[in-house]
Amino acid sequence: MLLTLKILGLLTSCVGIIATYRTFPSNAARSKMFKAFKIADISITKKTKKREIKTYPTIKKVNVFSDKIIILFNIPDGINPDIIEKHEWLFKQKFGEHIEITQMNSKQFILSIYKQPIRQFDYNYDDITNSIKNMNLPILVGQSRSGIEAYDMTKYPHLLIAGETGSGKSTQLRSILSTLIHSDSNKLKIYLADLKRSEFHLFKGIANKVVYDADELIKILRKIKKELTTRGELLEKSEVANIEDLHSPPPYILLGIDEVALLKKEDDIMEIIEEISAIGRALGVYLILSMQRPDASILDGKLKNNLTVRMAFRHSDEINSRITLGSGDAANIKQTQKGLMCFKLDGIKKIQAPYLELKNAKRLLAPYKNKSVEENDQFQESSPMFGALEFD
C-alpha cells in the first residue's frame, strides 16, 4: 500500500513537472509580446486625477505546437489597427524572422511564430488541381503556411511580377503560364513579348504570338485595342457588364510582357497598356507585366493602381521594394531564399513560389505544342462581332 502511494505520488509529480514545462514557452511568449507592446507604446492612455493609466493589448490565448506558437491578442478600443503591421519589424526582433501577422478584424490579431521557413518545393500540376478548380483563369502563386495559394485573374485582374536576377521571377512566369495552358488552353489566347529574348521561347508554338521587340509588340497592341472596342460595343448592345455574362463569351486574352521597363520611352505602347489595365477586366483582357528592377516612371499612379496583384521577389533595396509593394518587405528577403516572394492582394504575405525546371516545363507543355498556332491566329467564335487578332 505504501509503495502504491509512493508510485502515485511520483506520477503526480511527473505530470506536474510536464505541465509546468509546457507552460514555459507560453509564458515566455507572453512576456516577449508584452515587452514588444511596451517598446512600441501600443497603448491607450487614460488620465485620472492622480495618474495616467496605460492600457495595452490583451493577450487572449497562447497555443504552443511542435512547429509553431500561435498568439491571439486584442487591441484596445481607440488604437488604429494599422499600428500592428507597422511594427512587424519589432515582432521579428523579438520572435525571429519566421512570423506572420493576421488581422482577424478591427481589434483581433493572430501572431504566428514558426520554427522553420517555408520549404522550397517543385512544381507539380497534380498537387494544385484542387486549389484551382472552378477558376476561370487560375493564377498559381505558390505555397504559404496554409497550403497552396492561387487566385482567379478574372476576379483580380492584372499582375505585376518583380525581382532581381536569380530571385525566382523567371520560374514563376513559367509556372503561371504553364498552369494556365494546362488547365484550359481552349478558352484563352496568349500573346507574349520577350524583350530580352530569354523567357518566353518555351511558349513558341503554344502561345498565339511571341514577339521580341517594340515594333512587333505595337502590332499586337493595336489589334487588342481594336478588340477592346469591339467587345465594349458588344457589351453595350447586349446590356451586360462583363463578357462572362454573354451567351457565347469570347476567349480571354492574356498579354504577358517580360522586362516592361524597356518600353518606358515607347509612348504609343504604354498608352495602350494603360488602357488595357483600366478597362480590360470587363472585356476579358488581362496583363502580366514583369521586370527585374521596378521603375517608378513606368509604374506611375494610373498603371500601378490598376495592377491589382503584385508578386515581389527579392529586391535590392527598400526603395525598389516600395515602388513594387508600397512597403520595404521585399528588400528583407535573403539571397538564399530563392523563390520566396511578398505577395500583395489583400495585404502582404510571404509565399514560396514553386520551382519549375525548364526541361520539366517542356515535357508538361509538349502536348500543346503546335507550330501552326501563330499562323492561324484568329478567334473561333460563332459570331463575327467578337473580332479576331490576325497578323500578316
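The backbone N, Cα and C atoms fix where each Cβ goes, and this holds for glycine too.
Copied over from TrEMBL:
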- 145-322: domain 'FtsK' (DOMAIN)
- GLY163, GLU164, THR165, GLY166, SER167, GLY168, LYS169, SER170: ATP binding site (BINDING)
Integer mean pLDDT for the domain 'FtsK' (145-322): 93
Candidate with sparsest Cβ neighbourhood (10 Å radius) among THR165, SER167, SER170, the listed binding-site residues: THR165
Fewest Cβ neighbours within 10 Å, where candidates are the binding-site residues GLY163, GLY166, GLY168: GLY166
Cβ packing number for GLU164 (ATP binding site), 10 Å threshold: 17
Structural state of LYS169 (ATP binding site), classified by DSSP into three states: helix
Those residues of the chain, 6+ apart, with a Cβ under 8 Å from that of LYS169 (ATP binding site): ILE161, ALA162, GLY163, SER290, GLN292, PHE313
Three-class DSSP secondary structure - GLU164 (ATP binding site): coil
Environment of GLY163, GLU164, THR165, GLY166, SER167, GLY168, LYS169, SER170, the listed ATP site - residues of the same chain whose CB lies within 8 A of the CB centroid: GLN292, PHE313, ARG314
